[in-house]
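Working notes for the structure below.
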Amino acid sequence: MTKVPLQQTPDGFYLNRTPWFAFLLLCSIFALWAAAASMNDVLIAHFKKAFLLSDFQTAFVQSAFYLGYFFVAIPAAMAVRRFGYKSTILIGLVFYMLGCALFFPAASTATYGMFLMALFVIACGLSFLETACNTYSTLMGPRETGTRRLNISQTFHPFGAMTGVYVGSFVMFKDSDATREQLTQMIASEAAAQQLEMIQSTLLPYKWMIAVLVLIFILILITRFPACRGNTESREKKHGLLQSLSRLSRNSRFTFGVLAQFLYVGAQVGVWSFTIRLAMQMGGMNERSASWFLLTTFATYFIGKMIANLMMRKYHPAKVLIIYGVLAIVLLAYTILVPNISAVYAAVGVSIFLGPCWPTIYGLTIDGLGEDTGVGGSLLVMSIVGGGVMPVFQGLLSDATHGNMQLAYIVPLLCFVVIVAYAYSCMRHNRTTQAGADAVVAS
């Protein structure tokens, strides 16, 4: 049987088939940025004790991280237009490695602000990676399977997330660590020594991360990646960045999608960031024991993704998103209202219904953007800044209610109400489009 030559489809964006080795290598990068993001959830609990922070102050970990996404997404889109997807990915990996390396001077100075700077630089690299990889994954094959292909790529996300939590929690947390209350009762020199030891324990996971990043960088460098922009280059020269932004700002379906993605990432990060704190509060356990709940969270997240991938073979992605969104709202309401350890299990269960949200919203939002696909993708990556905004509101709500972590979950619940509304609007749009197509065929 003759193998079909790999080439772009007539519209100049998608490929006629998927180059599987390059695609799987691309998928591995999804696991890499998931590991970085999930270690933030461990760092929040770790820094809270090491630097004696409030819930509001710990939320700055996510704010610094996701602001990096926000500020770099447009430059990343420009890099894609100028250099292509592969070169943009390599740039992102370099920034990622640089950010990991900055953890070493941060640990030496033992300053919270320096750690936040390191996380910001890591996020700058991840912004390049996500801007390139999310869109590239969608384009790396036929258009009709673009959203499904992105969901497959995102299936690698929970593996990276679980690895990040496992490595981070079991290297950083020790059963012998002093509690926050014990630290406040120690003499100053003894407390400072304990805190410095906790800060130094953050380094080993980032050493390992640098080694993995170097390996992936080399593999990407020597692997041939097909272009997905061939006959669009002349149009991109004619229609610049400002023109694309102008068109996209007038596209109500696109702007609603960006809002939905902003709120989704905020909800996801909010649920995960405070899982350890919720388990400690409701279950009376230490950080290391509570981190098992976060690890289980990512396992359920993977299960939710796999089920969604199967459902999308039969149902439209927007319909799957509605079902998942409604069930997430139910579990979040349970987390808020039930005053016992089962609320923690409900919070863990929410992650089942987070599974398909990011890639589905992304795929639905960029579908049909044509020459504006690259810029549209970068704006969706910018919307990741929601992950730095919503946890701050959760931290403020927790502090305002004397540390009540359950009430903080009101924030992600409200986010999911809007996400379900977006999915419903996509369903209506799909029905209208399909009805129009059927009418044309009938005529």
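Every residue, even glycine, has its Cβ placed from backbone N, Cα and C.
For reference, TrEMBL has these:
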DOMAIN    21-431  domain 'Major facilitator superfamily (MFS) profile'
TRANSMEM  20-39  transmembrane segment
TRANSMEM  59-80  transmembrane segment
TRANSMEM  87-104  transmembrane segment
TRANSMEM  110-129  transmembrane segment
TRANSMEM  150-173  transmembrane segment
TRANSMEM  208-227  transmembrane segment
TRANSMEM  254-278  transmembrane segment
TRANSMEM  290-308  transmembrane segment
TRANSMEM  320-337  transmembrane segment
TRANSMEM  343-362  transmembrane segment
TRANSMEM  374-393  transmembrane segment
TRANSMEM  405-424  transmembrane segment
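Counting only same-chain residues 6+ beyond the ends of the transmembrane segment (254-278), those with a CB under 8 A from a CB of the stretch are 37-38, 40-42, 44-45, 48, 55, 59, 61-62, 66, 248, 287, 290-291, 293-294, 297, 328, 332, 335, 343-344, 347-348, 350-351, 354, 357-358, 361-362, 364-365, 369, 376, 379-380, 382-391, 394, 398, 405-406, 408-409, 411-412, 415-416, 418-419, 422-423, 425.
Contact between the transmembrane segment (59-80) and the transmembrane segment (343-362) is not supported, since fewer than 3 Cβ pairs fall under 8 Å when only residues 6 or more apart in sequence are counted. For the transmembrane segment (208-227), same-chain residues at least 6 beyond its ends with a Cβ under 8 Å from one of its own Cβ atoms are 6, 8, 15, 19, 21-22, 25-26, 28-29, 32, 35-36, 84-86, 89-90, 93-94, 96-97, 100-101, 140, 167.
Sequence-remote contacts of a segment are chain residues at least 6 beyond its ends whose Cβ falls under 8 Å from one of its Cβ atoms, and for the transmembrane segment (87-104) they are 26, 29, 32-33, 36, 76, 79-80, 114-115, 117-129, 131-133, 202-203, 206, 209-210, 213-214, 216-217, 220-221. With respect to Cβ pairs under 8 Å, the transmembrane segment (405-424) is most closely packed against 320-337, considering the stretches 20-39, 110-129, 320-337, 343-362. On the 0 to 100 pLDDT scale, the domain 'Major facilitator superfamily (MFS) profile' (21-431) averages 85 in this prediction. Long-range contacts of the transmembrane segment (343-362) within the same chain, counting only residues at least 6 positions beyond its ends with a Cβ under 8 Å from a Cβ of the stretch, are 134, 138, 147, 150-151, 153-154, 257, 260-261, 264-265, 267-268, 271-272, 275, 278-279, 282-283, 293, 296-298, 300-309, 312, 317-318, 320-321, 324-325, 327-328, 331-332, 334-337, 377, 380, 406, 409, 412, 419, 422.
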